[in-house]
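Participant: Would you mind keeping the following structure in view while I ask a few things?
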Protein chains: 2
Amino acid sequence: MQLKQIGEFNFICHIQSDTIYNPDTVIQGIGDDCAIYNTSEHVNQLISTDTMVEGIHFSFHYMMPYDVGYRLMSANLSDIAAMGGTPKQVVLSVAAPDYIDTDILDEIYRGIKDQCKKYGVNILGGDTVRIEGPMVWTVTIIGEVPQGCAVLRSGAQISDVVGVTNYLGYAATGLSALMYSLDGYTMTKIGHQRPEPQVFLGQRLRDLGVHSMNDISDGLASELNEIASASSVSIVIEEKAIPLHAETYALAEHLQTNPVDYALYGGEDFQLVFTAPKSLVPQLQDMDGISLIGEVLSGPTVVQMVTPDKTVKTIEAKGYNHFHES
Amino acid sequence: MQLKQIGEFNFICHIQSDTIYNPDTVIQGIGDDCAIYNTSEHVNQLISTDTMVEGIHFSFHYMMPYDVGYRLMSANLSDIAAMGGTPKQVVLSVAAPDYIDTDILDEIYRGIKDQCKKYGVNILGGDTVRIEGPMVWTVTIIGEVPQGCAVLRSGAQISDVVGVTNYLGYAATGLSALMYSLDGYTMTKIGHQRPEPQVFLGQRLRDLGVHSMNDISDGLASELNEIASASSVSIVIEEKAIPLHAETYALAEHLQTNPVDYALYGGEDFQLVFTAPKSLVPQLQDMDGISLIGEVLSGPTVVQMVTPDKTVKTIEAKGYNHFHES
């Protein structure tokens with residue numbers, strides 16, 4: 001059935017069931033001019049908004065509608081994770097052409113709802129409007145963090161170690177494999193289609209007392225430059241310490257590319273990069289999924305990488321900037 | 001200059017100054033993965049999201065870019081007004097074609113910022129992305145209301161009076177005058193281009209103890225039906241009690257249309273409709289900008305209107321539904 005046959009209002013009614021996964025905070029969900037909710041005591045509120053446009057940020061060539069919803073939520077949850085926060089509430093908006101099959105919208109919502117359920121996040125609002133053009137999804141997410149404990153990107157201090165979570169370049173590997181129609185690369189293809197935000201690791205790193213943190217949505221190069229710039233420090237990383245998956249090495253060999261480029265310039269891993277005082281190194285080394293890859297130094301706000309042959313390369317902030325033409 | 005020449009990141013930097021109009025609640029504004037803010041004590045949080053698409057919800061034929069921003073914010077502020085709340089924070093997202101002149105975006109932001117400044121609302125986040133299609137703006141607004149005092153549309157009680165604020169059909173009159181290229185109609189044209197949300201009246205009505213409230217974004221017919229349906233009551237209004245502006249009567253005479261239709265079916269007045277116990281009638285009659293137009297009755301959830309010749313007409317919920325083809 002097409003959206004124009006069911007109507008905007010009926011579609012909203014249709015999707016508004018099964019939207020509350022953490023009822024303690026909700027006084028009134030979808031259905032009035034506003035939803036009503038409560039915040040916890042002794043916390044700060046976090047807020048972020050993200051928009052994904054069909055054909056620019058996602059495509060049904062490489063993703064199922066369910067995956068589009070799943071990844072949309074992962075991107076937003078990742079912004080809360082990057083502050084060390086706990087996600088609480090979201091509101092969604094979709095602009096869709098009126099000829100769209102409501103089964104596609106249903107599947108996107110199913111992906112969104114499954115991620116909300118997993119992280120105990122309520123869907124408190126939605127707007128469904130018509131567009132003569134590509135689908136546009138916007139999610140605003142609200143989270144909480146203990147008072148004064150949000151981890152900013154501006155907190156890096158000289159002599160901090162630099163760490164990252166899990167594998168980098170993972171989603172970019174999967175996307176490349178899909179674009180080149182390569183068999184195999186099963187894990188990284190899933191990594192592109194259903195990336196997982198690092199909400200729980202973000203909270204653990206916050207509790208441990210890391211100094212600065214970013215999520216890796218635009219590639220490691222871009223995120224490290226953001227930390228260096230916001231904190232007015234210099235960052236040096238070791239190329240061989242960057243954690244890459246076996247499929248990334250395999251793909252780079254197959255395509256004759258540099259494997260580390262997937263980590264530096266590939267988008268949407270939704271892993272975390274952070275800096276932490278040296279005193280935390282033993283605890284960080286004991287944690288699963290943490291790699292220490294560099295150090296924070298004084299000096300100009302620049303990011304450099306030491307290659308295996310000990311050459312020092314400056315890492316520019318190029319990444320996934322939606323407007324610059326490459 | 002075009003957006004693609006300045007780049008997404010530089011454009012965000014460019015607009016992120018002058019965004020905090022109520023600094024007491026803000027710990028960190030735009031610039032990290034999330035913004036950080038605080039909520040007040042003894043309040044509930046309100047949240048709502050709205051999307052406006054170029055060519056569907058606004059057009060540069062009848063509005064200047066400044067007005068588009070102004071009205072976008074009015075629509076969101078109105079959702080908070082409809083609950084009797086105080087607006088506090090917003091986040092914005094825009095999907096824009098990369099050939100768009102940044103002067104147009106600047107003007108839209110100026111309209112948004114002027115409304116935020118007027119109501120003491122902070123802009124805490126923004127996303128700017130590229131689209132191959134029409135501009136899409138999404139605003140999420142957060143407000144507060146004293147604990148347990150939010151005015152729902154489901155609170156109407158039998159024997160309540162029905163009231164509205166200011167003039168209805170005002171924006172629709174202005175839009176019609178613009179579409180027919182008619183001279184004059186100065187006030188209602190401004191009413192279409194720069195509608196004003198009824199935030200302060202909404203708070204006064206909440207403090208007074210009204211039972212139910214809605215903002216009039218889709219015409220009085222649609223909003224009254226929402227209250228009747230949510231509250232399981234019947235509503236009867238008097239046609240001659242509906243407050244219409246002199247320009248609405250003049251336009252209806254000129255176009256040989258029924259003046260009350262502008263109020264019943266015209267969109268985006270952003271006035272308020274409410275029901276209140278009869279005991280409040282003296283106080284409501286003393287307030288500027290309040291008209292009492294009907295009564296809440298028991299019986300089937302239906303809205304009826306008594307015409308000047310005492311005919312009773314059922315008022316259907318047709319209004320500004322974006323997906324139904326008329």
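Using the three backbone atoms N, Cα and C, a Cβ is placed for every residue, glycine included.
Predicted automatically and left uncurated, TrEMBL annotations should be read as such.
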Participant: Of B:Tyr109, B:Tyr167, B:Tyr170, which does TrEMBL put in the ATP site with B:Gly126, B:Asp127, B:Arg153, B:Ser217?
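Facilitator: My reading of TrEMBL gives B:Tyr109 as the candidate in that site.
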Participant: Kindly point out which candidate in B:Asp18, B:Asp67, B:Asp79 is recorded by TrEMBL as part of the Mg(2+) 4 site with B:Asp33, B:Ser48.
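Facilitator: The one candidate that TrEMBL places in that Mg(2+) 4 site: B:Asp79.
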Participant: Checking the contact step here: among the binding-site residues B:Asp33, B:Asp79, B:Tyr109, B:Gly126, B:Asp215, which have a Cα within 10 Å of the Cα of B:Asp50 (Mg(2+) 1 binding site)?
Facilitator: B:Asp79
Participant: Between 0 and 100, where does the mean pLDDT of the domain 'PurM-like C-terminal' (B:207-299) sit?
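Facilitator: That stretch averages a pLDDT of 96.
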Participant: Checking the binding-site residues B:Ser48, B:Asp79, B:Gly126, B:Asp127, B:Glu268, which are within 10 Å of B:Asp215 (Mg(2+) 3 binding site) at the Cα level?
Facilitator: B:Asp79, B:Glu268
Participant: B:Thr49, B:Gly126: which of these binding-site residues has the highest Cβ count within 10 Å of its own Cβ?
Facilitator: B:Thr49
Participant: May I ask you to pick out the binding-site residues among B:Thr49, B:Asp50, B:His57, B:Tyr109, B:Asp218, B:Glu268 with a CB closer than 8 angstroms to chain A's CB atoms, ordered by sequence, or 'none' if no residue qualifies?
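Facilitator: Out of B:Thr49, B:Asp50, B:His57, B:Tyr109, B:Asp218, B:Glu268, B:Thr49, B:Asp50, B:His57 lie under 8 Å of chain A.
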Participant: How many Å lie between the Cα of B:Asp127 (Mg(2+) 1 binding site) and the Cα of B:Tyr109 (ATP binding site)?
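Facilitator: Answer for this pair: 13 Å between alpha carbons.
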Participant: Between B:Glu268 (substrate binding site) and B:Arg153 (ATP binding site), what is the CA-CA distance rounded to a whole number of Å?
Facilitator: 18
Participant: I need the CA-to-CA distance for B:Asp79 (Mg(2+) 4 binding site) versus B:Thr49 (Mg(2+) 1 binding site), whole Å please.
Facilitator: 9
